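Quick notes on the structure that follows.
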Amino acid sequence: MSVFATLAEATPTVPVLLASGAAVLGAAVLRGITGFGFALAAAPLLGMFLPPAQGVAVVILIQVMIGLRDVAALRRSLDMPSLKRLSLGALIGTPAGVWLLAWLDPAALRIAIAATVAIGLALLLRAPAASPDAPPPEDCREAFPAGLAAGLFGGLAAMAGPPAVAYFLRRRTAPATARASLMCFFFATSLMALPGMGMAGLVDLPTVVLSVLCLPLMLGGAWFGGRIFARTSEAGYRKLAIAVLAVMAAASALRGIAGLMG
């Protein structure tokens, strides 16, 4: 079979391509505004017309592909000390989370994670407002445990976002720095997940082809979201980030309850 015939066979049908593109575009806009939330929005939507594992693989591949561009474009805005510690924690926490998943009930874990995120949100909302001119704290020792928790949450329930987002919100990091650092952190966590997905046989040719075809929509959505972010105030960014975290917690709780009832 020729290369062209192989690629043609691996190319998705037009309805699947259109639906996947719409899901990626909408999730990319959210990511462009906040720096996170792409997997939260894209994975469930892709799972409506793709096998769930393939939907997750598409999300991971797209985040890896756009992450290379993000690192180059956002390198001057990154909180590198925090990013290094977050990534190191996630590197340790992710395999631990995957290992624990084999021993614990996934549905109960999702509910526990949702409760943890809800408590964290309550603490964030009760935190006193910082002065707009106050610099963020220089001490970033909390980044490693936040990364460890992100890795655990990611390995257990594919929810690496909340601990990392909460870390930057709690530090009152400038929105541009938080957004850039979160984008590059999720690029790092996607790179960590890729070898395991490859060994599990989830990164096949149809999945790669679909990811490549959706990449322009990811880039377009990220650009549009970035334009919206540029018009968003610091208070507006914080409120939106907390709202997305609340949606993450609610979605995790609902999936956990559905798993227990099923």
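Residue 1 is the first one shown; counting continues down the chain.
Just so it is clear, glycine is given a Cβ too, placed from its N, Cα and C backbone atoms.
TrEMBL annotations: computationally assigned, not manually curated.
Just so it is clear, the model here is predicted, and its values are computed rather than measured.
Copied over from TrEMBL, here are the features:
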TRANSMEM  12-33  transmembrane segment
TRANSMEM  45-66  transmembrane segment
TRANSMEM  86-104  transmembrane segment
TRANSMEM  111-129  transmembrane segment
TRANSMEM  149-169  transmembrane segment
TRANSMEM  181-202  transmembrane segment
TRANSMEM  208-230  transmembrane segment
TRANSMEM  242-261  transmembrane segment
Closest-packing stretch to the transmembrane segment (181-202), where packing means Cβ pairs under 8 Å, from 45-66, 86-104, 149-169, 242-261: 45-66
Contact ranking winner - 45-66, 86-104, 149-169, 208-230, 242-261 against the transmembrane segment (12-33), Cβ under 8 Å: 208-230
Compare 45-66, 86-104, 149-169, 242-261 by their Cβ pairs under 8 Å to the transmembrane segment (208-230) and return the stretch that comes out on top. 45-66
What residues elsewhere in the chain lie close to the transmembrane segment (242-261), defined as a C-beta under 8 angstroms and at least 6 residues from its ends? 30, 34, 36-37, 40, 44, 106-115, 117-118, 120-121, 124-125, 157, 159, 161-162, 165-166, 169
